[in-house]
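Student: Pasting the feature list from Swiss-Prot:
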- 27-47: transmembrane segment (TRANSMEM)
- 64-84: transmembrane segment (TRANSMEM)
- 115-135: transmembrane segment (TRANSMEM)
- 151-171: transmembrane segment (TRANSMEM)
- 182-202: transmembrane segment (TRANSMEM)
- 225-245: transmembrane segment (TRANSMEM)
- 261-281: transmembrane segment (TRANSMEM)
- 293-313: transmembrane segment (TRANSMEM)
- 351-371: transmembrane segment (TRANSMEM)
- 377-397: transmembrane segment (TRANSMEM)
- 408-428: transmembrane segment (TRANSMEM)
- 430-450: transmembrane segment (TRANSMEM)
Amino acid sequence: MSQIADKDVAEKPDADDSHKNKGLYAAILGSIGVVYGDIGTSPLYAFREALKPIAYDGVTREEVIGLTSLMIWSLTIIVTFKYITLLLRADNDGEGGTLSLLALLMKTAGTHRSVLIVLGLIGAALFLGDAMITPALSVLSAVEGLKLVTPAMDDFIIPISVCILIGLFAIQSHGTGTVAKFFGPITAVWFLVMGGAGLIHIADDFGILFAFNPWHAVEFLANEGFYGVVVLGAVFLTITGAEALYADLGHFGRRPIQWAWFCLVFPALTLNYLGQGALVLKDPAAMSNPFYLMFPQWAILPAVILATAATIIASQAVITGAFSLVRQAIHLGYLPRMEILFTSETNTGQIYLPAVNTILLFGVVALVLTFKSSDALATAYGISVTGAMVVTSLMFFEFVRKRWQWSIWLALAVLTPLLLLELIFLGANLLKIHDGGYVPVLLAIAFTVIMTTWQRGSRILFAKTRRGDVPLKAFVASVEKESAHAPVRVPGTAIFLTGDPEAAPAALLHNLKHNHVLHDKNVILTIRTEDQPRVRPEDRYTLTKLSDRFAVVELHFGFMETQNVTQALGYLRRTGYKFDIMSTSFYLGRRKLVPDPKSGMPGWQNRLFIALAETAADPSDYFRLPANRVVELGSHVVV
């Protein structure tokens, strides 16, 4: 739309502006439902949890105002300044997120490449851990409001929560396109209700407005000492979900996300925290559940229903984000191939990964059954999010130096205060390690080990198989020679998939050795994943002819694209390289991996790599190859 010619704008200014505005409004509403679902449910538990460390001897007026000030200024500094103002501009062709930023930095990584990869994988692992904790905590905190409707519901909180979560994961395979259009409006109503409730209760004590003065936050931390640091771990709950702003950049774009934040989300959150603070100033007994106690008795049940809907939407956003992140990791070579199903005929972003969905479901239900309440689960929350934020800040420092050409002094001046603040938050959350905080740490370690093992093992496997490779050009020259031992020529086209276009594929060598035939046309096909989200159609392939019978083709995909080989080969046919897809055979090499104590990895890591390789999705399904045209030839490889 930005490239419309001036004369076109002059001819139809009203229609054009109307079309652009409608698109912007739709994107703003969509971002409210997807991007801000997580941070929008934080008021359910954040203020309550932050009060607990200082409530052992009652809370003073100064403590409540100082605590509220901490929350408002955390939202202002971390979310508004770091994410909304700075990070949303650090896009990789419109895409955001940890792995997208990592892919962008790889282009200019230099000697820091390995450090950046480790940082990126840790950040991705922390997000996946967060994807387990967020649905459990959000749904539990919403359903617990039923206890205020009637105490008789107390015994049903966990069963209801588990049923909601099982239902949420069960519908993933059917897609969320039909209900997703309601996510934005429902979440917008949620923010309006939250903001309205907070605005009404500010009148309980207008003194809460002093919280806008950051000095009260500083004074609170200075006076509370150790307990102030503990409180910071709970205050951080107000900004959980901030990483989603960056991760979902590609879905909605920078402007809609920024408009939604400044026009609705930030004001609603600020008003709600002010309202909870004013309510506690008026009635300290409201500390038990200040969010729901802002509503009159008749409105608590409707508020619980709306909150439950909002938490389901927030959980859906995290699940979708996990699917998207894992797909990126697969395409970038950090995870083995997994089955990826598309739940929409029009939106390629709506995907479903059965393996990831199952892992998340069992993890989320286990967390609910283990911790049993949002109070207990909130202690486990925060470490994964703060860790992910610290990782993002470190990577962003490298980004502004290399991509934006900031001087070292400007980068330090802007980002050091942010990093120090996030490190303080991380330290405060680490105090909860013994009280459930070990859960996100263990999850992050597990996911990081899996990704680093797969990347390292794949590199070792590639190096070992290459040692015995036959150079492709030498192979072609030898088989093209006329001799009594020349292989039999058969009609049709054979396409051999390989990771190294400079070597003769193992499947080609095995076919020649055992069947003694060569096709009229032989295509050596390599699939490349680029460090950008999408590749233009004209850049989809490169074709190099080695002889009349042999050609090397490289197909290029972005890390956000579906690697549909059959469809991509259609571009090749249009250029004049003709072949009949129905008389074409796709040859794949299937390796049986055998552990080698001298592989370069510890024995346990070697066994883990082999186990991961055995779970990898069938390449014919993953690359969308016609099942009845695929031939697999096996071999043993020692790794």
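Cβ atoms here come from the backbone N, Cα and C positions, even for glycine.
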Student: Under an 8 Å Cβ to Cβ limit, what residues of the same chain, 6 or more beyond the ends of the transmembrane segment (377-397), are close to it?
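Tutor: Same-chain residues near the transmembrane segment (377-397) but 6 or more away: 45, 49, 78, 82, 86-87, 90, 98, 101-102, 105, 116, 119-120, 122-123, 126-127, 129-130, 133-134, 136-137, 140-141, 233-234, 236-237, 239-243, 246, 367-368, 371, 411, 415, 418-419, 422-423, 425-426, 429-430, 432-433, 435-441, 443-444.
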Student: Give the nonlocal contacts of the transmembrane segment (27-47) in its own chain as ranges (CB under 8 Å, at least six residues past its ends).
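Tutor: Same-chain residues near the transmembrane segment (27-47) but 6 or more away: 67-68, 71, 79, 134, 137-138, 141-142, 180, 182-188, 190-191, 194, 234-235, 237-242, 244-245, 248, 251-253, 255-257, 259-261, 263-265, 268-269, 272-273, 276-277, 280, 290-291, 307, 310-311, 313-318, 320, 374-375, 378.
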Student: Six or more residues out from either end of the transmembrane segment (225-245), which same-chain residues have a Cβ under 8 Å from its Cβ atoms?
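Tutor: Apart from its flanks, the transmembrane segment (225-245) reaches 34-43, 45-46, 49-50, 52-54, 67, 70-71, 74-75, 78-79, 82-84, 87-88, 98, 127, 130, 134, 257, 261, 269, 273, 314, 317-318, 321, 378, 381-382, 385-386, 388-389, 392, 424-425, 427-429, 431-432.
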Student: How about the transmembrane segment (182-202) with the transmembrane segment (293-313) - do they touch, taking at least 3 C-beta pairs under 8 Å (6 or more apart in sequence) as contact?
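Tutor: Contact criterion met.
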Student: Short question: which residues 6 or more past the ends of the transmembrane segment (64-84) have a Cβ under 8 Å from it?
Tutor: 39, 46-47, 50-51, 54, 207-208, 210-214, 216-217, 219-221, 223, 231-232, 235-236, 238-239, 242, 245-246, 257-258, 261-262, 266, 269-270, 273-274, 276-277, 280-281, 389, 393, 418, 421-422
